[in-house]
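Report on the structure given below.
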């Protein structure tokens, strides 16, 4: 295979991203063990099968998930949703996930294969209706079930489970497809009563990323005790402000799933919506989910820039989010960012065709658009449009400096209210076409 200059450049950036965004240590929630193995589904022999296991038995676990809204829902999505509905979010103790094959648009055979995966894990842990199943990879291909079954048996019979950093990082690697680095985030928090709890998040995704649910595969594990309905509400709230606020290419996957399990290993009262800790924990989960979601954008296929789209002073939160999404998904905006072209007209265009819930949120005579630097150089804000009128004195040299940065912000001030929303997106490069032009080869 001929190695192009673009491929060499991406390889160099991959090394940089790995060193920047992959942790070297971590803190992990009590009562969870994880395992990963190379089952042979991936042609290159890389890790492609992972299992998350709750081993805390001090109280029942709870689980919640948010799934893709794509009409062609993959077999694992349908199966996992069925497990959660049947269990009412209680007693889910395991997740099994494979990469290299999405098991999507595979009909009854795909459902049978996915069910076989979760039932194998149920048998190993001795609990019925206790496992969620997820898959990621190429759509329309049948699972290599014999290899996956052998892999599941391998991790259980040879007790490959661990709770150390290497085990968690191996799990993060096992779900990667076109990702250039594994996405693992861990944090410890303290409740008002002094009790500490931990959040660990793992995600995969670099392409086929577009908001409207979750936009990839992701898991958040915690040792807090959280009531099932409360956990679902908390996950939906955090997802709407994190995984539903990222965009790489505008395509929504058939397999998108974000799942959260709370095993209650921390000795503290069960949290529900009436608990004094509820708002604090929900905010911490949201900020944590944002950190995890942003890693997906930073790994966007072929991307060279991480862009925060910040829409302020909107009449309603939903409308601020719709405008931020419209800008983030615009191919013309994304290519202008890649070309380092301060073409603010494309930003206004994307704002103008956004399908707002309340037309009063947008007043063309009040809107302000700016580029904002992230390297602390001055001036930090470069105004492009002021009260709906182009700034004829734009410093093009300063614009070029800001657009040359790896990280930058597009700031939109609507001037019609007090609500705000953020989206995280990336540019669109020639390399994106190269990657996706031969994805299956």
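Backbone N, Cα and C atoms are what each Cβ position is placed from, and that goes for glycine too.
What TrEMBL says about this one:
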type	residues	note
BINDING	177, 204, 215, 301, 436, 441	substrate binding site
ACT_SITE	215	active site, nucleophile
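Positions of TrEMBL features highlighted on the structure.
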{"residue": "177", "record": "substrate binding site", "Cβ neighbours (10 Å)": "21"}
{"residue": "204", "record": "substrate binding site", "Cβ neighbours (10 Å)": "25"}
{"residue": "301", "record": "substrate binding site", "Cβ neighbours (10 Å)": "25"}
